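Colleague: Sending over a structure as structure tokens; questions will come in a sec.
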Amino acid sequence: MKHLSKNLIITVLALFLITFAFSSLLDIQPNKPETISLNALAEKINSGAVSKITVNGEDLEIELSDGTKSMSRKESETSVSQTLANYGVLPDKLLKVELDVKSPGGFGYWMGVLLPAIIPVIFMLLIFWFIFRQAKVGANQALAFGRANFRIFSHKKDKITFKDVAGLKESKEELEEVVDFLKNPKKFLDIGAKIPRGVLLMGSPGTGKTLLARAVAGEGNVPFFHLSASEFVEMFVGVGASRVRDLFETAKRAAPSIIFIDEIDAVGRERGTGLGGGHDEREQTLNQILVEMDGFDRNTNVIVMAATNRPDVLDPALLRPGRFDRRVVLDMPDMKDREEILKIHSKNKPLSQVDLKSIAVRTPGFSGADLANLANEAAILTARENRKKITQDDFFNSIEKVLLGPARRSRVISEQEKKITAYHEAGHALVAAGIKDSDPVHKVTIISRGMAGGYTLKLPIEDRRIRTKAEFLSDLAVFLGGYTAESQVFGDISTGSSSDLKQATEIANKIVTQYGMSEKLGPRTLGKNYEMVFLGREIASEKDYSEKTGELIDEEVSRFLKKAFDFAKKIILSHRPALDAIALKLIEQETIEQEEFNKIISSFKIKQIKVA
Ligand code: ADP
Ligand code: MG
Ligand code: ZN
């Protein structure tokens, strides 16, 4: 784009010069006075018709007494008066003519002499410069191989701030501190506060990770260096690492600044996984990122942000303290958020009585990107039908188009699915509320949040203190809450519980085999676990117990799960009206915040019981 406009200017300039050169060479003048011979001039002087002669080099400008003008040329070697005398002008007649001799050397004269000579030279220089420049671009392209081709967003023109990001309230709150630091790093450094280094944004595709990262830069008013990690994967060995080095170097010079590494899972997959030892380039790039981040000192005012929709596959090394130790989850938008997003994306579009809320109601499961796309499709539809304003129907008719669109990875939720999910999530939440040792419910939603579709978000990497058996048991009951609610309400079970069951089973297994929490098996661990790196971090275990103990483990795991299930069932059966109320509210508004949830719970007078 930039190149194009530059070339255009040069071309126009060149054309201009050529035209100028030609016009000066050909000397096209519209009202050029007629040229007369020296003979005719001499006659005119003798007859007293000439009032003035201006001598300009060899050109003679003749002014007649009646005001008209004409031109002539004198002989080159002789003076004007000599020339005219040669042509028979009488001396006393010549005295009556005003003679004005201009010294040959004025600007016009030199231009007249030099321009025709200079123009071809300028022209050739121009061509040379042009060719040279092209060659240089080519050479740079070849050299740029090891250079980062990151994009920098200047923070003036297309500045994005939190106002441009709808919903994501909690994510924004968490990033507020980063913004604060960028605005005033000194405040933090002076007081000896540990500043954030790396922030990992996690969320499904289209939830606004890139947008939010740019908004942080916009809020902090700092340069933003954007780099997509997936570009590294196809590169030659060594190139990725040097690009990373380059990027960090540039960002440090521009500090305070933000480096944004998009799709970090492309290089940040766990190292050494997969048969064949993994991808060299990927690994080197990842290593270089880690080296650079570790090399930051206290005064490096650069914050590294990264985005991923697969935090589960990330190399744990990335998540260590001092690296991406801040994690911010971006939820899929619920109904209210969807309305807000639609509002943002139809701000500059002419709408005719469009109720954005009803569009939000009809688009559960849509991501922010889907909604932006929807608003655009509605506008396209309107334009195609030569109408001036977008109607409600344009939006509705575009929903399907967006759903079928190729870029879309999330899916829309049907009414029945919504109902099942509502009861499932209500089950989790109700059981959590009815158990003494359980964590408080922060939010219940049927829009799958961040990674897991659950009532309370579980970060993929747990950093918990020690835990008790009672806590494990209440966890188990909460995990089974969804399954239990489905079975009690519908008399049927959906596949939506499979990951809950898997996690519950894993916990139960650990209770029995790792933590010695089963009375029957006593205080011992069972089984040795190896991390088989070359099998992709599969855990291979070796039995170090008898067949009989193996059977006992099975029994105990099942017993813990059954116990948790009974517990969940007890809570759900004794508080069925509360379950219905929560589920209905979820169907209606998709999300229930902590405060509202607590209100429902206390209105049904739910007593918390302890897991035995
Ligand atoms: P991601 O990086 O998570 O895949 P993007 O940030 O690229 O998602 O989002 C794509 C587009 O979708 C954005 O440019 C924006 O137009 C729109 N969008 C996504 N989330 C939001 C949001 N919360 N508010 C406003 N627009 C959004
Ligand atoms: Mg993105
Ligand atoms: Zn569940």
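Residue numbering: from 1, along the chain as shown.
Glycine too: its Cβ is placed from the backbone N, Cα and C atoms.
Note: TrEMBL annotation is automatic and uncurated.
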Colleague: If TrEMBL gives HIS424, HIS428 as binding Zn(2+), which of ASP337, ASP355, ASP500 does it give for that site as well?
Modeller: ASP500
Colleague: I need the CA-to-CA distance for GLU425 (active site) versus THR210 (ATP binding site), whole Å please.
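Modeller: About 29 Å separate the Cα atoms of these two residues.
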Colleague: Sequence gap of 6 or more, C-beta under 8 Å: which same-chain residues meet both conditions with respect to THR210 (ATP binding site)?
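Modeller: Long-range Cβ contacts: HIS226, PHE260, ASP262, ALA307.
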Colleague: Taking the Cα atoms as reference points, how far is GLY203 (ATP binding site) from ASP500 (Zn(2+) binding site) in Å?
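Modeller: Per the Cα atoms, GLY203 (ATP binding site) and ASP500 (Zn(2+) binding site) stand 20 Å apart.
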Colleague: Among the binding-site residues SER204, THR207, which residue has the largest number of other Cβ atoms within 10 Å of its own Cβ?
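Modeller: When each Cβ's neighbours within 10 Å are tallied, THR207 tops the list.
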Colleague: List, in sequence order, the residues of the same chain other than GLY203, SER204, PRO205, GLY206, THR207, GLY208, LYS209, THR210 whose Cβ lies within 8 Å of the centroid of the Cβ atoms of the recorded ATP site.
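Modeller: Sorted by sequence, the hits are LEU211, ALA307, ASN309, LEU330, SER367, GLY368, ALA369.
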Colleague: Look up SER204 (ATP binding site) in the DSSP assignment and reduce it to helix, strand or coil.
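Modeller: It is coil.
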Colleague: When DSSP states are folded down to helix, strand and coil, where does HIS424 (Zn(2+) binding site) land?
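Modeller: The three-state answer is helix.
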Colleague: What does DSSP give as the helix, strand and coil breakdown of the domain 'AAA+ ATPase' (195-334)?
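Modeller: Across the domain 'AAA+ ATPase' (195-334), DSSP assigns the residues as follows: 57 helix, 31 strand, 52 coil.
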Colleague: Just the recorded positions from GLY206, LYS209, HIS424, GLU425 whose C-beta lies under 6 Å from any atom of ligand 1, please, or none if there are none.
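Modeller: From GLY206, LYS209, HIS424, GLU425, counting a Cβ under 6 Å from ligand 1 as near, the near ones are GLY206, LYS209.
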